[in-house]
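K.L.:
Quick one: this structure, given as structure tokens, is what I'll be asking you about.
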Amino acid sequence: MMAKNKEPRPPSYTISIVGLSGTEKDKGNCGVGKSCLCNRFVRSKADEYYPEHTSVLSTIDFGGRVVNNDHFLYWGDIIQNSEDGVECKIHVIEQTEFIDDQTFLPHRSTNLQPYIKRAAASKLQSAEKLMYICTDQLGLEQDFEQKQMPEGKLNVDGFLLCIDVSQGCNRKFDDQLKFVNNLFVQLSKSKKPVIIAATKCDECVDHYLREVQAFASNKKNLLVVETSARFNVNIETCFTALVQMLDKTRSKPKIIPYLDAYKTQRQLVVTATDKFEKLVQTVRDYHATWKTVSNKLKNHPDYEEYINLEGTRKARNTFSKHIEQLKQEHIRKRREEYINTLPRAFNTLLPNLEEIEHLNWSEALKLMEKRADFQLCFVVLEKTPWDETDHIDKINDRRIPFDLLSTLEAEKVYQNHVQHLISEKRRVEMKEKFKKTLEKIQFISPGQPWEEVMCFVMEDEAYKYITEADSKEVYGRHQREIVEKAKEEFQEMLFEHSELFYDLDLNATPSSDKMSEIHTVLSEEPRYKALQKLAPDRESLLLKHIGFVYHPTKETCLSGQNCTDIKVEQLLASSLLQLDHGRLRLYHDSTNIDKVNLFILGKDGLAQELANEIRTQSTDDEYALDGKIYELDLRPVDAKSPYFLSQLWTAAFKPHGCFCVFNSIESLSFIGEFIGKIRTEASQIRKDKYMANLPFTLILANQRDSISKNLPILRHQGQQLANKLQCPFVDVPAGTYPRKFNETQIKQALRGVLESVKHNLDVVSPIPANKDLSEADLRIVMCAMCGDPFSVDLILSPFLDSHSCSAAQAGQNNSLMLDKIIGEKRRRIQITILSYHSSIGVRKDELVHGYILVYSAKRKASMGMLRAFLSEVQDTIPVQLVAVTDSQADFFENEAIKELMTEGEHIATEITAKFTALYSLSQYHRQTEVFTLFFSDVLEKKNMIENSYLSDNTRESTHQSEDVFLPSPRDCFPYNNYPDSDDDTEAPPPYSPIGDDVQLLPTPSDRSRYRLDLEGNEYPIHSTPNCHDHERNHKVPPPIKPKPVVPKTNVKKLDPNLLKTIEAGIGKNPRKQTSRVPLAHPEDMDPSDNYAEPIDTIFKQKGYSDEIYVVPDDSQNRIKIRNSFVNNTQGDEENGFSDRTSKSHGERRPSKYKYKSKTLFSKAKSYYRRTHSDASDDEAFTTSKTKRKGRHRGSEEDPLLSPVETWKGGIDNPAITSDQELDDKKMKKKTHKVKEDKKQKKKTKNFNPPTRRNWESNYFGMPLQDLVTAEKPIPLFVEKCVEFIEDTGLCTEGLYRVSGNKTDQDNIQKQFDQDHNINLVSMEVTVNAVAGALKAFFADLPDPLIPYSLHPELLEAAKIPDKTERLHALKEIVKKFHPVNYDVFRYVITHLNRVSQQHKINLMTADNLSICFWPTLMRPDFENREFLSTTKIHQSVVETFIQQCQFFFYNGEIVETTNIVAPPPPSNPGQLVEPMVPLQLPPPLQPQLIQPQLQTDPLGII
């Protein structure tokens, strides 16, 4: 039972491998491969296969347990699976013969039989014999696997006879074959199966193999298997075949030829190798080790398979090769990277062609090593070559190994670098040459495409040399330059036309009429036309300029950081801070004065005499003054001394003042000259700020002869010099004194010095003063234009270099304070320096006592801005004009500068202002005395200016003004009184081109600052809260929709009828004090949000017209209408005139400077005339009583109420003046009308209206013939509009009658200008807008669609009574149309006919359509008064064309309709056309066709 339950054991076979063995003499120097065959079969893995097995053993090894004193080896057993799935165990025995390593004879064994007999033994026995693995096992059995031969004995079942078929081993094959033959005979006796294994077939000799096969063929059932233990070919086949012969149940053995078996085995190896190499390829780091990688891969089947087939050694070799490849690849990449970096390094170290053009490679290397940046580009390694150092692993170090430069590659890169520099130099030269070529081509305009220019430069040498990309790049750069220049010139042009923009106050919005006026004026300028191809950019610049004009801020100033406001704030912040620091040091040095240091300056011993006199009045150099004792240190200085200046610059002596004594004109001149030297040197070389602020006192010495005639002259000249130097003057007291100097003189002079020092201490005292720093007797505004070609410190240096300059109140960053002696007192003057755009808000809103207007004589725009600003300044405010240029020579050498300087002087002469020139290259610009006369003039007019401001403020009590000044109550602090002198304030002469260097602004003088006031009055009128910035720099209100105002009545002078008319208008719209909204009738208010949207088919109400400007509700300038001219004794300042009641009371109303200057007035007037030059009185629509509103705001610039030519008729009542030019014009018109022939009146005059467009177009406004072709006789724009209307809006109510949005109409035409393939549907515009754009197209044509020449014939044909005859006559006339006009006219009339067919829905009958379209198609002459009686006939002609469209153009039948000439009104009162039919007035024109009649202007304003 137990035996049955046991699993059957697999059959076991013992196979003995035999073959040639013995000594070297017998078998040669190598065996036949028996051991390799056994090794490969038992342990087939490559790592377990040992190719060397020796048979020469020591006695010890031979006696070991492995050999066990036997001449056979036990190789162990192996379980083999057959193809049938049957397992069997095979024990392998190798019969060999071991040789003693000492005697080289076979070892003695228990079996003494020869090898042939031993090998044929079928029973083997050896107790405890161990399995053999390899030669290294002998003696180290414990280190290897120990497996005993089963039971110490085995029975051999078959034999495997090995025959070596390879060449070599010092063995004859025939001897081997004989040995094999004998052995086979012995084996045959055992009756065991035998198979021949031909070994070493990988080195096979074919002849040997054939002999073996021949040997086997002679034997019965003897098989030959070709094997190779090295490549593991057919090894297993040998044993399998033998087992099959032993096991009869198995199939007959199948022997595979060696080549086939070899291919199969190699295929396995190749496949395994590929898979293994793919595994190895996953390793990308060449630093990886085999140990790490093999541990990761050991469980991978592909790895295991390759190890089994090829072994670990080959696997490691494969891995090492891969790692080496990775490293070499890394080095190659680094080398490429270095080589690619070399050009950049060369560009850095050797950028100049001149340096290296003639250097060889070695010289260039030495030059590079000397460069400072060498270490940044290259690294010198201690070990070379670089690719064998660790530098290759420093990925972050991009520096190039210097030894790399020794390669040929690096030298080649250097040569290429030199050639590149040469070619680049040539390319740059050619590009610049091409650039100059482009600059010479005058017709290249900004925005012109390259394709239009390319054909003109094809033959240019430079163009041929450079590439197309370079050509485009150079042209692009040239375009950018000329575009930028054109834009700058365009911007400059806009500033030059400042009068065109600055005639409206801030925060207003320009209307469409104003925009048309601007375009009309500017379109004549070449700089405007220069940007014709960049119309959108030009429009953007214009809108940006307009936006800045009406909403100016320093942040949006067009000059950017060069804005005058920004520059002034920066300069004052730094300069005044330095002044304060200097004075602070002076304060600390001068507190608690007990000792007074004085210089005494004189000539011919006068200084010493005065010093002696003072010492005479002193006791031990101590002087008693006003109850206090002062120690005096006197330093007399003779003006003639050569060491004069060196005596002043001593660190030990710090003077508190200087007494300047004189007794003659000569000595006084010396004093003036040397005081100038002292101040100039102290200011220029900045040796001592103390000396720059030194107070001077002029002292007149008494004459020995008291009746000297020179004394009055000396007194007068001394006072003049004192005023100029802004210092006290001590006169000789009345009476007769025997000595030159009087005690009262010395005391007065000492008091002056002490008070000057005390004043300086008050100015810089760190202790808060009780007096408000903002107190000022005069407030002066200095205006300068942003971007003028001079620095701000140039025009501020007269003030900043003055000893009397100080900072204004905190928060006023653009103001400073001056203390100056004006007249008899020291006055405090606040100077506010602003840009012109910031000054505009000040001009109207703030109390300003005077303006200093600075302009550059090199820049027309600067003068234009000055004119625009000055025109609106009240003529009661004194003005000082300052022209700035480099030197006086500019006047003679530059005509433009001469013209601008002459114009400035001329304007100053006309308005009785002061003018001077400032030369930046002259030191005289640092003088301050040039403004003394201006300040005196301002002081004289101060009360009048403030009263005018007060009255204006009272009239505008509801107006909230903003102040850049921060006024506060003021008190009177008397300082010094001086003798009166009529000529004290004599100023330098005005600018004269033939005089010496004009002294506008002086050298620095004493900086003592005084706190004096003239009036001591308070100004509650204009006090405002403290603010850091004027609010106008921050408020930008949104656009306000326009509100019409009451129009002015057309009168010629202020007569009683005018007064009644105005009073009647005021009665309807009484002024309310609490209202800030301009007066208007309710029905005149525009409900549309779009201020520019007119209605082109409805007449404006009679008596009203389009506004040129639209003023928002909160504008600072509102239109004021007085309730009565008689009762209102305090008239409106803005009217610019005094009414008769005011005049009778002796009060002169202030006007504007533009009415005092013919130059200023003519400039503004010329703009208006240029804009409206194409519209005479006769060209206006005569039946319309509407009158164009003046350009000027409200009544402030009402030409009826403003002085025009004050140089002719005075300014108090300018209305009585007449314009001789207009009177002559009217007389000529009357004479011309009397002589006019009646026939000429009947002739039709071409009416060419101004275009409604404000942009350049190459389509709209072109002749019709230029827009069509024979293939496309209809203009594309007309087709698109008609198709859009018929597809989307044929049933729109009021089509062609209701006006579309003008902005949309303009956009449609602009978009079409840019792209003729536009899709109107995608633009999302209304049908009415497209209809309006279509009408505008025909209105802009140079000639009407219905030719003027056929108008009389159409008129005559329309009068024919018989309908049929009338229609045929009209048809014949239509055939006379030009073919182009005929095609388009037919297309349009057909379209209108389709519209009229939907009249029940769109309410547009043929009659209504004709009313809307006939003025557009016929362009009538409205100036012909006889035309008014025929307007209905013209309309009926167009109506007939629409109704009888089929008859006229398509040979259709006549349609029966009502009376064409005078159709009755429709019976349906609800239709829109009802109010249009009975009108006997001509139908409305499109807006662009209406030219309002310009009424006669008696004052010549327009």
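Cβ coordinates come from backbone N, Cα and C, glycine included.
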K.L.:
When you get a sec, could you say which of 945-974, 975-1004 is annotated region 'Disordered' by Swiss-Prot?
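P.N.:
Going through 945-974, 975-1004 one by one, Swiss-Prot gives region 'Disordered' for 975-1004.
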K.L.:
Swiss-Prot tags one of S82, S109, S1176 as phosphoserine; which one?
P.N.:
S1176
K.L.:
Run through S708, S1023, S1115 and tell me the one Swiss-Prot describes as phosphoserine.
P.N.:
S1115
K.L.:
Quick one: which of S641, S765 has phosphoserine in Swiss-Prot?
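P.N.:
So the answer, going by Swiss-Prot, is S765.
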K.L.:
Around Y550 (3'-nitrotyrosine), how many other CB atoms lie within 10 A of its CB?
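P.N.:
So the Cβ neighbour count for Y550 (3'-nitrotyrosine) comes to 20.
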K.L.:
Any idea what the Cα distance is from S951 (phosphoserine) over to Y550 (3'-nitrotyrosine), rounded to a whole Å?
P.N.:
27
K.L.:
So if I draw a 10 Å sphere around the Cβ of S951 (phosphoserine), how many other Cβ atoms end up inside it?
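P.N.:
That number is 16.
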K.L.:
For the domain 'FF 2' (366-420), DSSP counts of helix, strand and coil?
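P.N.:
Summed by class, the stretch gives 33 helix, 4 strand, 18 coil.
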K.L.:
Could you give me three numbers for the domain 'FF 3' (427-481), the DSSP helix, strand and coil residue counts?
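P.N.:
Secondary-structure composition of the domain 'FF 3' (427-481): 38 helix, 0 strand, 17 coil.
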K.L.:
Give the mean pLDDT for the domain 'FF 2' (366-420) on the 0 to 100 scale.
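P.N.:
Summarising the domain 'FF 2' (366-420) by its mean pLDDT gives 86.
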